[in-house]
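Only one structure is covered here, and it is reproduced in the block below.
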Amino acid sequence: MKKRIRELTDLLNQYRQEYYTNDAPSVSDSEYDKLYRELVELEQTYPAYILKDSPTQLVGSTILTGFQKYQHQYPLFSLQDAFSREELNAFDQRIKSAFPEAEYLAELKIDGLSISLVYEAGVLKVGATRGDGTIGENITENIKNIKDIPKRLSQALDVTIRGEAYMSRQAFKTINEERQENGEPEFANPRNAAAGTLRQLDTRIVAKRQLATFLYQEVGLETADSQQKTLERLADLGFSVNSHYLLSSSMNDIWDFIQSIEASREELPYEIDGVVVKVNQLAIQEELGFTVKAPRWAIAYKFPAEEKEAEIVSVDWTVGRTGVVTPTANLTPVQLAGTTVSRATLHNVDYIAEKDIRIGDTVVVYKAGDIIPAVLRVVEAKRRDQAPMPIPTACPSCQSQLVHFEDEVALRCINPLCPSLVQRSLEHFASRQAMNIAGLGPAVVEKLYSAGLVHDVADIYRLSLEDLLTLDGIKEKSAEKLLAAIEQSKANSAEKLLFGLGIRHIGAKASRLILEAYGDLEALLAVTAEELAQIDGLGLVIGQSLVQYFQQEQAAQLLAELKSAGVNLAYLGQRPDQQAALFGLTVVLTGKLEKLNRTQAMEKLEQLGAKVTGSVSKKTDLVVAGSEAGSKLAKAQQLGIRIEDEDWLLNL
């Protein structure tokens, strides 16, 4: 069971990164949810085996490059998902058993990108993406180019507003028509288009693409006593608020509303993927609180994905950077979710065996997250006399013997010199989330590798203009740009480099946590797995994987070569000061401050080592209360939590 929990944790973390960070999931929502539920059940049965990097303990995605990081004043949580009436009923029973008077507000789940807007004295100061729920991207200039977001409020408020940025169906159609005319690749769906737009560095493009928003949450003020009144207040302040919602104490009414919305969703001018059900009374929300991942007072009902039938014509097998061999089905073309689909992932050999998928089968295809086509099941009634799927025994790239480890679902090539494995590793190193070397994509990597110019990541920093000009299709101007991008990457903070090395289990978030703790990549040559496991957010498996990598002689040699080439090995971000006055304390701000605005107060608390949260609980160590403090102060007094005022904070 321990191995299965580790395997599920790794798989789900990979899929989370694909969905939240790259906006390109490789598995369907339903496949992800099936694996997630299996993990939840195993963790409930074997709680001692819960890993610190388990997706059940995490929120959202990791940070991308290209924009400054932004530390959220209050975490942005994910939502618990539901896929059936029974799950909604279970949610209802859990809530009503503790709070019989609870009402629900059902709101549309907009298929967009979560945003957070910070206002100081009524002026928009920061617009940010969710990121991993704690650290997002500062996209303020792009946010200011969304027409329906107020730049200044009618009241001088210090407040954070949360919601979704999206692209309407009409705007999506227009932009894809323009891209088609210009010979550019079309966006797969409006969510992808919205995500790509918000990450544009040219703000004129953002303004042109006509993004819109729906806002639904107010954080940091205590001016409303219900979710419905919060929506009304947001509308009064000038925000766009979705008018399709239902208030009821009956889950029967909520279910009728969900069914009605699902039946008419295609008539809406924007895309939705479900309905969010929230406890309406904010006082009850406060009492229910949060798990590490999601609020206990809300649940998201997800609509099933669109499905179509297609025939499998053939199967391609490709090798990834970790050696995993992935099967992809070539299909008879079919229209699915607005695009023509002719290829779909088959995930792995265990999935093929479990579904008994064969070449020539008619299969049901759907889009994972409305993006990546995947095979869901075989239409047994249409099967003829097809033979079972031939499974390769040799690597399609290097012809080495493939292995299928007992605790894994995939075939794997374990030849470290496999051309596909090496090339995918180089592509990963150059990717946006890693070293962000613009121009070093798959086509250029293949040319460099085939020419014998690069075999590992250190070779990238040995490339010269003369080397690049020997390659087909590489002109002097593009070669100079690539060399400039390589040179620029040398100055990256070391967590980008650590992630780019592609060490198993070491994702972008783990890389940041490790470098925050140790400060320098060379320090990792002497750490132990047990020491690494003490870092909050990591586990022993991550520690063991990192130590195993850096114990190799070639790892020390690689670091030496990178350092000699001028690549930065130090962490450039802010590291926690364990001697700070409030280090390790969980602090809540409430009420109106006279001398500091809320952002200044939060920054001061964080500089003093505190973790600032938005709600009072038994885990809260300290409450800093201003004038007109409301329910948070009362709850802190009830729980016997230490309470201080603004002057106390200023004097620290």
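Cβ coordinates come from backbone N, Cα and C, glycine included.
Worth saying up front: this structure is predicted, and the values here are computed from it rather than measured.
Pulled from Swiss-Prot, these are the features on record:
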- K109: active site, N6-AMP-lysine intermediate (ACT_SITE)
- D29, S30, E31, Y32, D33, S78, L79, E107, R130, E164, K278, K302: NAD(+) binding site (BINDING)
- C395, C398, C413, C418: Zn(2+) binding site (BINDING)
- 577-652: domain 'BRCT' (DOMAIN)
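Annotated features taken from Swiss-Prot, shown on the structure.
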residue: L79; record: NAD(+) binding site; Cβ contacts under 8 Å, 6 or more apart: V276, A294, P295, A298, I299, A300
residue: K109; record: active site, N6-AMP-lysine intermediate; Cβ contacts under 8 Å, 6 or more apart: I272, D273, G274, V275, V276, A300, Y301, K302
residue: K278; record: NAD(+) binding site; Cβ contacts under 8 Å, 6 or more apart: Y104, L105, A106, E107, Q227, Q285, W297, A298
residue: C395; record: Zn(2+) binding site; Cβ contacts under 8 Å, 6 or more apart: V319, V325, Q401, L402, C413, N415, C418, S420
residue: C398; record: Zn(2+) binding site; Cβ contacts under 8 Å, 6 or more apart: C413, N415, L417, C418, P419, S420, L421
Counting Cβ atoms within 10 Å across all protein chains shown, which of the binding-site residues C413, C418 comes out on top?
C413
Residues flanking the Zn(2+) site, with Cβ no more than 8 Å from the Cβ centroid of C395, C398, C413, C418 and excluding those residues themselves:
V319, G323, P396, S397, Q399, S400, L402, N415, P419, S420, L421
Where does K278 (NAD(+) binding site) sit in the DSSP three-state scheme?
strand
Report the DSSP secondary-structure composition of the domain 'BRCT' (577-652) as helix, strand and coil residue counts.
25 helix, 17 strand, 34 coil
Other than its own, how many Cβ atoms are within 10 Å of the Cβ belonging to R130 (NAD(+) binding site)?
23
Can you work out the mean pLDDT of the predicted model over the domain 'BRCT' (577-652)?
83
